[in-house]
Amino acid sequence: MARAQALVLALTFQFCAPETETPAAGCTFEEASDPVVPCEFSQAQYDDFQWEQVRIHPGTRTPEDLPHGAYLMVNASQHAPGQRAHIIFQTLSENDTHCVQFSYFLYSRDGHSPGTLGVYVRVNGGPLGSAVWNMTGSHGRQWHQAELAVSTFWPNEYQVLFEALISPDHKGYIGLDDILLFSYPCAKAPHFSRLGDVEVNAGQNASFQCMAAGRAAEAEHFFLQRQSGVLVPAAGVRHISHRRFLATFPLASVGRSEQDLYRCVSQAPRGAGVSNFAELIVKEPPTPIAPPQLLRAGPTYLIIQLNTNSIIGDGPIVRKEIEYRMARGPWAEVHAVNLQTYKLWHLDPDTEYEISVLLTRPGDGGTGRPGPPLISRTKCAEPTRAPKGLAFAEIQARQLTLQWEPLGYNVTRCHTYAVSLCYRYTLGGSHNQTIRECVKMERGASRYTIKNLLPFRNIHVRLILTNPEGRKEGKEVTFQTDEDVPGGIAAESLTFTPLEDMIFLKWEEPQEPNGLITQYEISYQSIESSDPAVNVPGPRRTISKLRNETYHVFSNLHPGTTYLFSVRARTSKGFGQAALTEITTNISAPSFDYADMPSPLGESENTITVLLRPAQGRGAPISVYQVVVEEERPRRLRREPGAQDCFSVPLTFETALARGLVHYFGAELAASSLLEAMPFTVGDNQTYRGFWNPPLEPRKAYLIYFQAASHLKGETRLNCIRIARKAACKESKRPLEVSQRSEEMGLILGICAGGLAVLILLLGAIIVIIRKGRDRYAYSYYPKPVNMTKATVNYRQEKTHMMSAVDRSFTDQSTLQEDERLGLSFMDAPGYSPRGDQRSGGVTEASSLLGGSPRRPCGRKGSPYHTGQLHPAVRVADLLQHINQMKTAEGYGFKQEYESFFEGWDATKKKDKLKGGRQEPVSAYDRHHVKLHPMLADPDADYISANYIDGYHRSNHFIATQGPKPEMIYDFWRMVWQEQCASIVMITKLVEVGRVKCSRYWPEDSDMYGDIKITLVKTETLAEYVVRTFALERRGYSARHEVRQFHFTAWPEHGVPYHATGLLAFIRRVKASTPPDAGPIVIHCSAGTGRTGCYIVLDVMLDMAECEGVVDIYNCVKTLCSRRVNMIQTEEQYIFIHDAILEACLCGETTIPVNEFKATYREMIRIDPQSNSSQLREEFQTLNSVTPPLDVEECSIALLPRNRDKNRSMDVLPPDRCLPFLISSDGDPNNYINAALTDSYTRSAAFIVTLHPLQSTTPDFWRLVYDYGCTSIVMLNQLNQSNSAWPCLQYWPEPGRQQYGLMEVEFVSGTANEDLVSRVFRVQNSSRLQEGHLLVRHFQFLRWSAYRDTPDSRKAFLHLLAEVDKWQAESGDGRTVVHCLNGGGRSGTFCACATVLEMIRCHSLVDVFFAAKTLRNYKPNMVETMDQYHFCYDVALEYLEALELR
């Protein structure tokens, strides 16, 4: 049977295998002496039993179940279950593909499994592992063939092991035969491609990809077999083609324990495929052994060194990273690192961090665990800001509870920090000491109570946050403690003046007012009196006074009586402690009980008997009575009884006779002797207490006086009354009358003679003046001019009145002859030191005579201005008197003098060319006519309406011309180029009264006029004039000329300027800016006559006054008119010239360069020991003298009945000419408000000065602000301050919004400090919302105490000026409203200081006088007092010193 089967197998093999293929090795277990292949096998020594090699032939007596043949067999019934035995095939080491075949037999008669036949493949003598193939069960009594496709090649070797494992049934047989090795692929088992090693990092997933070739059976299973024997089933098998398939074996999260050798195994009943062993290499990611090292720490960074020299794990290291987190923090952040040091940025200050190093090797999951951490803390950082939200929680009189926002780490930036609450306040009073304290708060505190404060004090508090790295100070917030009862009034502050029946009592505010004093209470009562008629103690009386009334006059008191006064102050919290003082009234003169002079009781030639009545003592008893006899003289004025007429020195008759006196004491009576009325005979020849009463002379008249005296404590009071008159005897009466009449006639004749003498002197003076005027240069005979003082004279620019006593003026005036003889002038004031003498350097055109500057040398030749015979020059010293005479003279004055210019004129006129003329053409005189150079294109184009005018001792110094018309502009610039003019003076606006007065002959930027290019280089705008600088270039010329145009814009459209202050400053500016070697100054207005003539006359006369001390206005005007017709057009212009020259002479040059200011000012305030005055005081007196008082007609609008209630006081009214009329209409036709528009230095109408709004005028005030675009309001008085019956009330909302008539005012924001409260308001017209709103800042200045002329602090005032200036610049330069109580002194001081500071910034000049004078031209009460004027200088000095420190 076996043989038959073997034959079948052989045939099959021969059919399937190559014909020449023979096994390379194997065992057939046959007995043939020459086997096909060598057979090498062995049995394992550790088996439980041994395989049996059997040979069963036919006929052999064997169990029926066994097949015939030679093979290896195991009888399961002979072994115990679980026992096993192994057959070890020979060691194989093949170079190429090969196949191992074997036959097996598994049979049990009852069908049970005899056991399991397993096949193992051991590689290189390694562990056995698990079976690569096994078969169990009963498969019949036939042989089955299986194949092993082992893909292990040389140099590796392997062994195949067959294992028989006895089943629990242990019945049946297991057979094994024909183990053969063939050098061709297996047909029944797949061959695996080479399996490569797999390297992964620990914890990562590994995957073996097993590629197999062959025909896979349906029951084929694939496994990944570990060398240790563990099998892993395939996750999936993917067929690449019909003979190739891929099995994938994933290994999840492998670790070092999974590192081993693995191979692929396919199992099927027909055989198994086994791959080579591949290694699963598991690398441990690296980890540093030591933590990183800290190199440096900062608030927001840490610099570390990685310290990775020693590691745990496998390399190589391909990446280094830093992992850091807050200590015990939930987050971590990783940064890659390239160097050994690394800086961690953007860390939180004062925070502990854990920092570890991560190392990474190649491959996924190659990053190792973080190394040991470095635990380090960053430094603290400077706090981000100061604590916020500082506010009060509770305010009491002496303590303040504050609270603020709690602080978080994001603010402190450090866990170690401190909050300090610092506060300061001023004690006030005379000490003016500032208390400063800082209190350190407890950790986490957001509330604190400051104790032991003073009531009603501004407490300036700020919070300071500090940590080790810095500090942040919060903004200072001001709180005010509540009021308390006031402290006591200091007893030493009580001052008093006792009179007889009145006491003037004055006191000072308590040193500790502890709030706003609302009233004072004064109680008084009599406690002692030397007058027995006074009941003591008397009733107690009480009066109350307002807070600003710290004095009182107590009347109807008793003389000689001591009163006890108590004075105490009150706040809203009640009364404070009273101050006590005792004041005794003076005793009063006794009083008499005589209704009229009584009739004598009797009279003789030598005596007269009178009735003496006792007097009544007032405050003291009568001490003595006296009878006084006075001889009546003819011319003596009649004595009226009174205390001043009494006789204080007792004179006996003998003493009076010896001294030649007319009165004597006839008797002295003790008070006790006259207790009731009694008769007394004057002249009874008796002696009374040492006084002889001699008989009276019959021929003389006598007046009899009765005198009573009271003496008390060194005081004496007298009262006397005339009680009788004794006439002379009748026979002596006629001679007396004749004598009286003779004396009266003599007096009349004396008065007449004196008047005649004065008249003769006056006529003599006039004759001398006329004779002196006949000389051609009459003014050269005048006394040598002297430095002119600013004499205090009353002067009104436009309305100068005659002095009250003309005769006295004439008497005081010295004639020219007398001045020459005496060598005197009213200017030679003792101790006068003119300002100019203090300056260093030479005299320039800007430093004129005025103010005593040294006169420049004057030549005589070449001057065209000659004094006439009937119109001689007037000395500067006599100019005021001359103007007064000319304005008030009835026969000959300015009117007649002006009209004389037109008498006998031969106005030869040249026919005007069309392009040069105007509607009323003005012809120029040929001799002085300016001729233009002819042009090639038009040789006749040489005419221009312009004339040369001489200056003072300077020929052709001016060119007077008309304002250019469009067709005349090119000729105008031709003339400027031809004459090399450096200055153009323009005294007109382009359009006036709706008519074009002058064409705009200059460009906005640059333009060509013919062949001349004009470029505007610079524009400087001031309040009353504009200076434009032009560059002139002409085609064909290489030269470039610079020309300045001085455009005076303040000349009114009608008449003349109200004041000359601005025009005089303008003339000085032109003089100073024109180079001495330049060509003529071109001057034009509209027609080139009236205004132009005024300018030239003023320029010339200022030079003449400076050089010679005289002015000759009349002849100067006459000479000008000979050069150009109608140079002075109106009498008003002629008078204005005189007034302007007078103002210049009186005021002088008051400008000081800033580099000379300190030294000059020091000299100005020096007190002259002779005059006990200073230059500064004299300058202020000059300012007062030239300040024009307002007439009633000038304030006609303010005086209208409907406007009276809009004025706080009728003494301070704005003139009509500078009123800002209200524009917004609220239905009321009245558009008046008590306010005045005034100039600053650089801007016209820059200020609006007004008074503190009344309750009824508050809507008008806000209309004024809105209508005139006022962006700043400066408040210089305090609320509730009142010098009148009108209180100063708050006129703004705070907070919120409020409607004031048409205007809605909304509070936007506010800030405050100890000097200034600043508020921002939004103002809009509620009836015209489409116009938008106006943003206004309100500056309430706190450092100007009531009843003080000047602010408390110059520094604070400068701060106010700076803040206003800064806001004005930010808000677009709107107007500024300035107000105080009455719109006078304080407001004027502010405007003057602002003007002076502008002057310093623009031109480095200081001129306080000019600033004050300009303001007073609008309102005479501006800069009212000497202290305020002095303060303006101090502010300028403080400002300049502050600039030096920058």
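Glycine is treated like the rest: Cβ placed from N, Cα and C.
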Phosphoserine: annotated position in Swiss-Prot, out of SER833, SER863: SER863
Candidate set SER113, SER853, residue annotated phosphoserine in Swiss-Prot: SER853
Among ASN410, ASN1325, residue with annotation N-linked glycosylation site (source: Swiss-Prot): ASN410
Position flagged as N-linked glycosylation site [Swiss-Prot], chosen from ASN134, ASN685, ASN787: ASN685
Those residues of the chain, 6+ apart, with a Cβ under 8 Å from that of ASN75 (N-linked glycosylation site): GLU52, TYR173
C-beta crowding around ASN410 (N-linked glycosylation site), within 10 angstroms: 10
Set of same-chain residues at least 6 away whose C-beta sits under 8 angstroms from ASN685 (N-linked glycosylation site): TRP692, ASN693, PRO694, PRO695
Within the predicted model, mean pLDDT of the domain 'Tyrosine-protein phosphatase 2' (1176-1439): 91
